[in-house]
Amino acid sequence: MPEGFRCGMVAIVGRPNVGKSTLMNALVGQKVSITSRKAQTTRHRITGIQTTDDAQFVFVDTPGFQTRHATALNRSLNRAVTSTLTSVDAVLFVVEAGRYGPDDAKVLSLLPRETPVILIVNKVDRLDAYTRAEMVAVFLQEMAQVFPFKEIVPMSAKNRDDILRLLGIVRPYLPEGEPMYDPEALTDRSERFLAAEIVREKVFRWTGDELPYSSTVVVDKFETEGRLRRVFVTILVDRDAHKAMIIGAKGAKLKQISTEARMDMEKLFDGKVYLEVWVKVKSGWADNEAGLRAYGYE
């Protein structure tokens, strides 16, 4: 590695649905964290790795901090957020441009004062083009009074130039040192884990507002033979009615979920995928501490 090479961990935090996973995928240059317009899409800490000529960035995408429903699942998600903050070199605190409310403030109150915090003002591209510059300027002034941020970065996670600029801003906050991961690595998560996340993303996209939060995905079997993967998964739901919603009329919705998931897996794994998806009812799974640990939650 060249002299002055830097390597460190950077947490991406914020309230649900501010674009944390989209930002991480853009920073890594590959889809490693699932996205959805619905809140609570991310349920696990996902590590994304970006290695450049002079640095390795290890980004940790955390679940959005949950303040409204005191289930065992949401307690698990919040533990994932708070435990991450104790082990990183810098924090990217993500808010939506023009919007800062009680849920954002709750997350900000958890951030350690001794760790550099960089404010990411995301989704500036969604503001009205005629008033954008003025609105952003006012919002940045307001946010500068809220917390001693090391940097304040207005941007869009969908803009490649903004992403490159952000990497340059973050690099000085990483300690000098050897890379933690192979330069070709994109994530520390297994293909088995990523397969479950991809199926869960499709459930989020193809079902109503209530259902995603009462469902999870379990990989029953994951086999690799050359470039072929055989993946067998079960979608667990809370009620019979939810099972019917996922399956859809004559199995149409389940087929759509399965087809899109298989295509995403083939793109990510760079090979053919045989995918079988089943739906089962397991009442109360989201409020069972022992069961959640068995499904990989903290």
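Cβ from N, Cα, C; glycine included.
Per Swiss-Prot, these features apply:
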- 14-21, 61-65, 122-125: GTP binding site (BINDING)
- 6-176: domain 'Era-type G' (DOMAIN)
- 14-21: region 'G1' (REGION)
- 40-44: region 'G2' (REGION)
- 122-125: region 'G4' (REGION)
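Projection of Swiss-Prot feature records onto the structure.
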{"residue": "Gly14", "record": "GTP binding site", "DSSP class": "coil"}
{"residue": "Lys20", "record": "GTP binding site", "DSSP class": "helix"}
{"residue": "Thr62", "record": "GTP binding site", "DSSP class": "coil"}
{"residue": "Val124", "record": "GTP binding site", "DSSP class": "helix"}
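Ranking the binding-site residues Asn17, Thr62 by C-beta neighbours within 10 Å puts Thr62 at the top. Candidate binding-site residues: Gly14, Lys20, Val124. Fewest other C-beta atoms within 10 angstroms, Val124.
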